[in-house]
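First the structure, which I've put down as structure tokens, then a few questions once you've had a look.
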Amino acid sequence: MGKVLSKIFGNKEMRILMLGLDAAGKTTILYKLKLGQSVTTIPTVGFNVETVTYKNVKFNVWDVGGQDKIRPLWRHYYTGTQGLIFVVDCADRDRIDEARQELHRIINDREMRDAIILIFANKQDLPDAMKPHEIQEKLGLTRIRDRNWYVQPSCATTGDGLYEGLTWLTSNYKS
């Protein structure tokens, strides 16, 4: 009955996996979307999962820790993922190559072949933050031709760009 009602009223559900290097801002983004406020976070060991409703879409967001020791566990969360949010700290130029390697490792996994990709180019408020076109180039996104991707500039602490990212996900997701 729930599926019938959601077809009539347009409520969709989407499973989102939010990944990125440690300290990119994943947990801050999750709770800014969920609670509408900036929260103090500690490094995520394991995961946080929250449902965020926006424009008649229920996003089930899985925020998984990004420390290098736990990245091998990311693949256990891939199954059923419809959208990948990959968060990049745009002020961390020293680790942008590491971010690119991790992103391509994720999207080349067959479990993730149907997921659309939203990149949050986060921490845009910091001096010398890389702009979206630079992130696009440094992450090698132009080589991804077999699926939809988008780079959204964002600032997790103020919320800038976050809802624009969700809007992109809703308009590009085919249920």
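Quick reminder: no glycine exception, Cβ is built from N, Cα and C everywhere.
Straight from Swiss-Prot, here's the annotation block:
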type	residues	note
LIPID	GLY2	N-myristoyl glycine
LIPID	LYS3	N6-myristoyl lysine
BINDING	23-28, 41-44, 63-67, 122-125, 155-156	GTP binding site
Over all shown protein chains, what is the count of other CB atoms within 10 A of the CB belonging to THR41 (GTP binding site)?
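Total other Cβ atoms inside 10 Å, all chains included: 16.
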Taking every protein chain in this structure into account, which of the binding-site residues THR44, ASN122 has the most other Cβ atoms within 10 Å of its Cβ?
ASN122
On the three-state reduction of DSSP, what should I expect for ASN122 (GTP binding site)?
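For ASN122 (GTP binding site) - judged by DSSP and reduced to three states - the answer is strand.
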Who sits close to LYS26 (GTP binding site): which same-chain residues at least 6 apart have their Cβ under 8 Å from its Cβ?
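Same-chain residues close to LYS26 (GTP binding site) (Cβ under 8 Å, separated by 6 or more) are MET18, LEU19, GLY20, THR44, ASP63, VAL64, GLY66, ILE85, VAL87.
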Including all protein chains displayed, how many Cβ atoms other than that of GLY65 (GTP binding site) lie within 10 Å of its Cβ?
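Within a 10 Å radius of the Cβ of GLY65 (GTP binding site) lie 19 other Cβ atoms.
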Of all the binding-site residues here, ALA23, ASP125, which one's CB has the most other CB atoms within 10 A?
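Output for this query is ALA23.
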